[in-house]
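All remarks here apply to the structure that follows.
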Amino acid sequence: MAEGSRNKSIQMADNSFSDGVPADSGEAAKNAGSTGQLAAGETQLEGSPAEKLTDQVMQNPQVLAALQERLDNVSHTPSSYIETLPRAVKRRINALKQLQVRCAHIEAKFYEEVHDLERKYAALYQPLFDKRREFITGDVEPTDAESEWHSENEEEDKLAGDMKNKVVIAEKAAAGEPDPRGIPEFWFTIFRNVDMLSELVQEYDEPILKHLQDIKVKFSDPGQPMSFVLEFHFEPNDYFTNPVLTKTYKMKSEPDKADPFSFEGPEIVDCDGCTIDWKKGRNVTVKTIKKKQKHKGRGTVRTITKQVPNESFFNFFNPLKASGDGESLDEDSEFTLASDFEIGHFFRERIVPRAVLYFTGEAIEDDDNVCGWGRFEEGEEGEEEELEGDEEGEDEDDAEVNPKKEPSQPAECKQQAKPAAGRTAGAAAAAPRSPDMKTPGEVLREGELEKRSDSLFQLWKKKRGVLTPDRLRLFPAGPGARPKELRFHSILKVDCVERTGKYVYFTIVTTDRKEIDFRCAGESCWNAAITLALIDFQNRRALEHFRSRQERAAPAAQPEPGAARAP
């Protein structure tokens, strides 16, 4: 068989494997036993395409070796090992599973008692949280003893603080400026600081959230089904009349009858919101649109107005209901519901108990930065300057995704970057580049890409990915959201590529061995695009290092000034 045909048969055979098991392995074995191998140069002309493929597989030793390796791997799975055990041993294993189910039910009781403890200690926390609210709203001024805080550099801070206080007091005395009441925009600042919350907040939500005075968590009473309520307390405002908006999360702490071994503790199973009594013309969860209709018979045109849903944080109080009639939700609905549960859990476990640390930023754990992600920094290494400013002719779709342009945001859809600020056209022309050298701001690929969050529920979050020759940028959904980036110099490789259903799953491994999980639609091939861009970046970087070494070595080889030249 010719080399080209042999390679083709290997490729065809590899495509016949599914989930590690060869599709026609049984047929191949049967045909091999009945017909044997074909002589060199012979061709199977009769039979179905599957039989022809089987004969090609059976006469290629490399494919046979790969087939045997796959079969060996399949035979060593735990389930296949259990099947080989004697019946008496299987019977004892079933008894162990019965014990495991009983353990799961005991664990469920444990978590119920934990919930009772949470309720007990919530009552102990509440006086402190009430005092916190009084300080925030300005109803009570903390005493000197309550305001004292010891830091690591206590003496330096004390001296600096004393000097600063004297300057501030003198300035206020001169200007007659009154002290602000309490801590202005305390909870709104937390919303801005926490990415999970800032992605929900629209520009028209911000004036309303500035009226938020407190967030409380209340646990279900003893003997009642396990649940907790989030209470959002607002001062009187021009938007709605409710003093308190509530969100109730219902929980379950019992093993699933169909799959008891999956029990890992209490889980949120449903949630209920509340009705917001909006003042006239102030409802930010809907918007009014005008639409023209043409009468089919008379041909007259009329304009009608109707209200349609609008993106807003306050949709949080009108959640999607979990299906209770046995019908399964679609994938988008499941994602929305899971995200809602994650946000509710985050309010309960992190935001409310540690509010001041989220206000100051001390408690913010930026998962993406831990894994190598970083926020845009203006002018870093002279590269971001090339991306500043708006460009003409921007697509309307981009304007919808990010209507508020930030100085550091790239012009995503353009294939060429502007010259750096302060650089003249002559200077730019004086530095020619190779035709195959890519501009840092050039967009290689743009589209939807999903990243797995590192939070409790590890949800898949949709982003707008922008791939350039030296980095991957992710833009969260929602106007004004801050993008994040992963530079190629911190990427080691793209690993663990796997196709499951309509998605391709892959992992980016950073140089410090952190792993970031992604998935994309199969036809988008983000994994291949990132891999190729990474290889190109590494090749260009290696070439730059080589040229740099040559340039450093070149002066040593040049003759000294004034040395006599050879005739």
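Cβ from N, Cα, C; glycine included.
The stretch that TrEMBL tags with region 'Disordered', taken from the ranges 208-227, 308-327, 448-467, 548-567, is 548-567. Within the set 1-47, 142-188, the record from TrEMBL flags 1-47 under the feature region 'Disordered'.
Within the model, the domain 'PH' (443-537) carries an average pLDDT of 83. Residues in the domain 'PH' (443-537) partition by DSSP class (helix H, G, I; strand E, B; coil) as 18 helix, 52 strand, 25 coil.
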